[in-house]
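A.B. asks: Here it is: the structure, laid out below.
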Amino acid sequence: MVFRVDAVDGGEVRRRDVDNPVEPVAVLGKKPHAFESRHQDIGPIVPGLIFFRLLHHLVEKGVRIFGAHRMGEIAADVLGEGQRRHPHIVAADDLDAALMQRAGDGQRHQRAAIGDNHPPARQPGIQIIVHKHNIGARPVRAYSPCLRRKHAGRRRRSGPPAGTPPPRPIIAPINPPKFPFCAMAAPRSALSSQPRAGGEFRQGIFVEIKMEPHQRSLGLKLILVGALAFMLWIPAMLVHGLVFERSTRADSVREEIYGLTGGEQTISGPVIIAPALVDGGKRKDDGEPVLESMFFVFTPRALEIDAAVDASQRRRSIYEATVYDADIVVEGSFGPLLPPQLPSEIKAIHWDRAVMAVKFGANAALKGMRDKPRLFVDGEALDAAFEPGINLAALGRFGTEHALGAPGISTPFPVADPQQAFAFRLALPMSGGGALFFAPAGEETTVSMEANWPDPSFQGAYLPDAREIGAEGFTAEWRVPYLARSLPRSFPADSGLSRLDAGKTFGVRFIDAASPYQSVNRALKYALMFLGIVFLTFFLFEATTGARAHPAQYILLGLAQVIFYLLVLAFSEHVGFEAAFTGAAVATVGLSGIYAATVFHSLWRGVIAFAAFSAAYGLIYLLMKSEDYALMIGSVTAFGAIALTMYVTRKLDWYGGRDKA
C-alpha cells in the first residue's frame, strides 16, 4: 500500500468531483522559503508544510526513523487528524495501526536518505522516499481523463482496464493558522496523481510512504546469487574448451615448424657396432654347430659432450616456435673392446666390417644436419664417409646380407686391434626445435650445455648437477656414472639399438613462458572464485544500501567477467599476454564500475566497485605469476572474502521481516 502527499505553493489545487469536477479546495499562500539538507538541496518549501516534522527527523535528527510509534505520529501529521471520513479515504489512525503492524515495536534505527540518488529508509515493510519536483501552473486534476489522452497512440501502461472508474483521490486540507496550504494523498495506481505543469505553480515536494507486505529475504537472494555464479561457470568452461582448441592448433603449427628444422633432437653415441658369428645351439647332420650372425654394440669408456646452442623463434601466421642451431662436440675414448677371453658361444667377430654410429631419436632428425660431421681419431682427421641410417652388412647363415636399421648416421670404422685403446673427437653441427636430449652412452658420461634461452625446462632421467639461469640464457652440466646408466659395456643388438636410449635420455626443453594459452588456463582455474568475489561485492552493496539488483543484472555482470577471458585469449595471440591482460582488465573493470554506479544510483558506490574489481583482477594476475604461492594466496583471499561478508552482514535481517522459526 502506497500513500502520496503532494505539497505545492502558489495557485490553487483542484480535485475531480462527480458533481463539480473543478471545485476549488484550497489556495496556497506565502512565498516559499529555502530548505537545505546535508544530503541534497531539495528546493524551496513553505516552513509550515505538513511534512515539516518528517523532514526534521529525516535530516536534522541524524536522518533516522525511530520505530513504529514515531512513524505513526509522522503519518498522522501527513494525513491530518481532522480529515473527512470517506469509503476511499484511509484515516490517520488506520495508517498508524498498519505501520505498527508492519514495522513492529522493537525494530532498530535505520537510516533514511533524501534525494534522487539516495536509497529509501530501510525498515521491514516501510520505505520513505522524498523527491524534489518542479510543478507548473495548470490546476491539479487527479486522474483526469486528459492523462489518459496524453498517452494516446502508445501502448497503454499496466493498470486498471479501460473504462474502469479511477479511485477517488484523498484530499487532506490541513491548514495551519499562519501558512494555509493543502495536501493530496491517494493510493498508487497506473495513473499518476502528481500536479500537472502550469504557470502559477512553482515548486513542491513529493513524499511517498510505501508499506510492503514483507521485506525481501536476503538469504534467498544470496542463495540465488551463488546459483548464478555456478551457472556462469559453465560458459567459463566453454572458454576453457576454446583455449584448448587454440592451443592444439598452435601445437600443430609448432610441430610443422619443428619438422622443417629436424624436430626434437636426441643424440646417442657414438658407439662401435661389429658383426659376429655365434653358436645358436643347433647342430647340422654331421654334428657341426649352426652359426648365426649377430651384432654387438660397444660403448665408449669415457664420453664428454659439449653443446653450444643458439635458440631463436620462428613465426608462421600468429604462432611462434622455438628452434635452435647447436654446435655439438663429442669427445671420448674406447678402451679394449673385448676381454682377453671371449665367451665360448662367440666364434668370431668381424672387426673389418665394424662401423661407428650415432643414433638419433627419429628419422626426421637427419634434416637437422647443417654440415658434414668431422671425425678425429687420436688427433688425426679421418675422411669419414657418414651415411644416413645405421647399416651393417653381415654374413648370414646362407651368405645373405642383413641390415641393422635405426635412425642416425654411420661410417665404416675397421678396428685393427680391438685390445688397443684409442681416443676420438666428433663434431656434429645440428639444428632442431623445441628440445635437445642426450643418452648416457659412455661408461662415464659428462654433458655441458650453454644456450641463450632464458626459460629452460630440464627434463629426462637425470637432472643437471649444476645450472645457472639468467635473463641472457643458461648453462647446465650433467654427470652420469657407469652404475647409474644401467647399461653394460657391450651388448648384443638383437633388438636393435633401443637399449641405448630407452628411458635414459636427459636434456632441456626450450619453453615459452609467455604462452597465452598456459596463462589463460591458469586464470580459468580460479574462475569460480573470481565470479564469487564479483557477485559478493554486488550483493553486499544490495544488502547494505537497500537498493535492489535484478538477477538479470547479476547475469550481465558475470558474462562481462567471462568475456574478459575471451578478450585476453584473443588479443594475447597478437600483442602478448601482458598487454592483452592489462587492456582487457581495464575495459572490464571500467564497464563493471560504471554498471554498478548505474544500478545502485550512486557514483561513490561505482568508485568502490571499481576499486574492488581492480583488486580482484590484480589478484588473478598475482595468482598466475606466483606459481609456488598460488594456493596459499587463493586460500587467504577466500577466507578474507568470507570474513568481510560476515562482518558487513552481521546485523542484517536474513528472514526478510518475517517471524523467525
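Don't overthink the numbers, they just go from 1 along the chain as shown.
The backbone N, Cα and C atoms fix where each Cβ goes, glycine too.
Any TrEMBL annotation is an automated prediction that lacks curation.
Okay, so TrEMBL annotates it like this:
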type     : residues : note
REGION   : 148-170  : region 'Disordered'
COMPBIAS : 148-158  : compositional bias 'Basic residues'
TRANSMEM : 218-244  : transmembrane segment
TRANSMEM : 523-541  : transmembrane segment
TRANSMEM : 553-571  : transmembrane segment
TRANSMEM : 577-596  : transmembrane segment
TRANSMEM : 603-623  : transmembrane segment
TRANSMEM : 629-648  : transmembrane segment
A.B. asks: Using Cβ atoms and a strict cutoff of less than 8 Å, what residues sit near the transmembrane segment (553-571) while being 6 or more residues removed from its termini?
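C.D. replies: Result: 225, 228-229, 232, 235-236, 239, 242-243, 246, 516-517, 519-520, 523-524, 527, 530-531, 534-535, 538, 577, 579-581, 583-585, 587-588, 591-592, 595, 599.
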A.B. asks: Can you say which of 523-541, 577-596, 629-648 has the most Cβ pairs under 8 Å with the transmembrane segment (603-623)?
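C.D. replies: The stretch I would name here is 577-596.
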A.B. asks: Can you work out which residues elsewhere in the same chain, 6+ from the ends of the transmembrane segment (629-648), have a Cβ less than 8 Å from its Cβ atoms?
C.D. replies: 522, 526, 529, 532-533, 536, 540, 543-544, 619, 622-623
